[in-house]
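According to TrEMBL, the protein carries these features:
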BINDING   D130, L131, T132, R157, Q173, R313, Y317, Y318  L-histidine binding site
DOMAIN    3-59  domain 'WHEP-TRS'
Amino acid sequence: MAERAALEELVKLQGERVRGLKQQKASAELIEEEVGKLLKLKAQLGPDESKQKFVLKTPKGTRDYSPRQMAVREKVFDVIIRCFKRHGAEVIDTPVFELKETLTGKYGEDSKLIYDLKDQGGELLSLRYDLTVPFARYLAMNKLTNIKRYHIAKVYRRDNPAMTRGRYREFYQCVTMTIAGHVRKEIPSALCIDSLQVNDRRILDGMFAICGVSDSKFRTICSSVDKLDKVSWEEVKNEMVGEKGLAPEVADRIGDYVQQHGGVSLVEQLLQDPKLSQNKQALEGLGDLKLLFEYLTLFGIDDKISFDLSLARGLDYYTGVIYEAVLLQTPAQAGEEPLGVGSVAAGGRYDGLVGMFDPKGRKVPCVGLSIGVERIFSIVEQRLEVLEEKVRTTETQVLVASAQKKLLEERLKLVSELWDAGIKAELLYKKNPKLLNQLQYCEEAGIPLVAIIGEQELKDGVIKLRSVTSREEVNVRREDLVEEIKRRTGQPLCIC
């Protein structure tokens, strides 16, 4: 270390000598000679391992969000939260990591996507894969059997990311959940989406049974069927037969069912199916779907719901109705088919999950809906880019500006008065900003009003209030300024 420090000092001194010669405009030959000595010293010094360069990037499958992107996210969240609250939901939160044993065995084949953490103080931990299993743990710990909650938080999956399609390793989930007692059954009263595919895991299990699938293969075959929204039936069949050892004739029988979709008429048709109607599980599932369509008719949205026998939802904890919404992208040209951009909402019923954490194994009927907000964010951002729409990144209602110099104290006094009155206000943090620069800042930031202080205004006891868009200016008495700003911005005149 001492030898390196001595070399570093020699490099420093030689560098100063070279810079001095250049300032003195010494001969090119002398400068070149001294630069050569400097390079030799640096070569002896070698690279400093403590100062190795590293790549500045976000981890794979994650991203940063700019103020503009965060403004879009907040608006989307606001729409979702208002919908949840409109139907009586309460909010909770749970830790970002759980005991590994809490998450193990709940996600079927997707369990391999769980992020495990190193041993922390004698506990084996994992990052949460979704918000559903932690919620079930929360219910069992607190002995709750009746709650309607929503939860918006980040979850983590060790998946292959597809950033352009809103598929990340770290992403937000928005979940609304209805928990009912043992004698009650509730259906989500508002899904806030245009179209939805529904099925029932009991129908799937009954279908697999009558087609000849062994119990041990139910979940893995279910996972294959769930891919039918992305690949053809032939590819799904090849996976079931070639990779999972299913007999070809069994796969064909499954294909006859899972390629069907429709509405309540398909439910009626399957209730008359000579084989499926003899299976107790399938019959229960079909009966509940028939009831579901009756409720959907009452809500006036039955025409937006499709009964799709290929919908499987690979997670192991589902026990009843399951549903998924796939958003269609508007075609680029007339005549083109809409493109599916992937699932933006999904969920279902899971009556047995809470019982896994309950010492007595009590079942608590649960129904949930998860909204994939990351894909919605990506779609909204793309549409805003196409429309070249400006997005405000602040909610400032008025900028406090000055027309002359030496008015910083007056600006500070006025902005403080506006803050105390509940008005979103700001000022430029320069001592003597030019009025033109202040007005340009308002236009760029989308601030609708400017409160201008000038020497004459101070003498007259008024503030000049300027509309940024119309450029109209009016003098307002200082004591009336708060009410005038609230009137123009649609803010309540008093807070009770």
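Backbone N, Cα and C atoms are what each Cβ position is placed from, and that goes for glycine too.
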- Tally of DSSP helical, extended and coil residues in the domain 'WHEP-TRS' (3-59): 42 helix, 0 strand, 15 coil
- CB neighbours within 10 A of Y318 (L-histidine binding site), counting all protein chains shown, number 26
- Could you tally the C-beta atoms, other than its own, that fall within 10 angstroms of the C-beta of R313 (L-histidine binding site)? 21
- Task: Have a look around T132 (L-histidine binding site) and count the other CB atoms within 10 A of its CB, chains all included.
- Result: 26
- Message: Under 8 Å between C-beta atoms and at least six apart in sequence, can you list the same-chain neighbours of L131 (L-histidine binding site), or say none if there are none?
- Response: T94, H151, A153, V155, Q173, V175, S370
- For D130 (L-histidine binding site): intrachain residues, at least 6 apart, with Cβ closer than 8 Å: Y107, V155, Q173, S370
- Just how many other Cβ atoms lie inside 10 Å of the Cβ on Y317 (L-histidine binding site)? 23
- Message: At a 10 Å cut-off from the C-beta of R157 (L-histidine binding site), count the other C-beta atoms across all protein chains.
- Response: 21
- Note on the structure: Here the 10 Å Cβ neighbour count for Q173 (L-histidine binding site) comes out at 19
- Note on the structure: Over the domain 'WHEP-TRS' (3-59) the mean pLDDT stands at 82
